[in-house]
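Asker: This is the structure, below, for whatever I ask next.
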Amino acid sequence: MLSRLFTVPAILLATLGSAATLAPREESACQRVCCDALVQSTSRGLVGINCNRGGIDCGFSGQIASCCAAIVPVGARQGTGVQCQRGN
């Protein structure tokens, strides 16, 4: 009976341990966006102000071409860029 209490946690730990050994996600995985401005954030990277997904011909609309990890709110086409970099 006591061994059953430890069997499930042991299996879960083995699964979680194997997930920790996976290769880290590439930093180059980003979304091309056009932003009105890029400002330094408190965390690593830049924050994009009023960013639009796509990043095609940003100069035409007077925006800055950048590459952001995500746009918030999630699923929106326009919003704040998170962990951005200048250029594409």
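Numbering starts at 1 and runs along the chain as displayed.
Here the Cβ of each residue, glycine as well, is placed from N, Cα and C on the backbone.
The signal peptide annotation in Swiss-Prot covers 1-21. Per Swiss-Prot, the feature disulfide bond maps to C30-C67, C34-C58, C35-C51, C68-C84; the stated evidence is similarity to another entry.
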Asker: Could you check what DSSP calls C35 (disulfide bond) once collapsed to helix, strand or coil?
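Answerer: The residue in question, C35 (disulfide bond), is strand (DSSP, three-state).
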Asker: Give the residue from the disulfide-bonded residues C34, C35, C51, C84 that has the most other Cβ atoms within 10 Å of its Cβ, counting over every protein chain displayed.
Answerer: C51
Asker: Which residues, sitting 6 or more apart from C68 (disulfide bond) on the same chain, put a CB under 8 Å from its CB?
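Answerer: Listed in sequence order: C30, Q31, V33, C35, G48, C51, G81, V82, Q83, C84, Q85.
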Asker: Over all shown protein chains, what is the count of other CB atoms within 10 A of the CB belonging to C67 (disulfide bond)?
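Answerer: If we count other Cβ atoms within 10 Å of C67 (disulfide bond), we arrive at 19.
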Asker: Do me a favour and check the Cα-Cα span between C34 (disulfide bond) and C67 (disulfide bond); whole Å is fine.
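Answerer: Roughly 8 Å, rounded to the nearest whole number.
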Asker: Would you mind reading off the Cα separation of C58 (disulfide bond) from C67 (disulfide bond), to the nearest angstrom?
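Answerer: The Cα atom of C58 (disulfide bond) is 12 Å away from the Cα atom of C67 (disulfide bond).
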Asker: What count of other C-beta atoms do you get within 10 angstroms of the C-beta of C30 (disulfide bond), across all chains shown?
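Answerer: Neighbour count, Cβ to Cβ under the 10 Å cut-off: 18.
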Asker: Other than its own, how many Cβ atoms are within 10 Å of the Cβ belonging to C58 (disulfide bond)?
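Answerer: The answer is 20.
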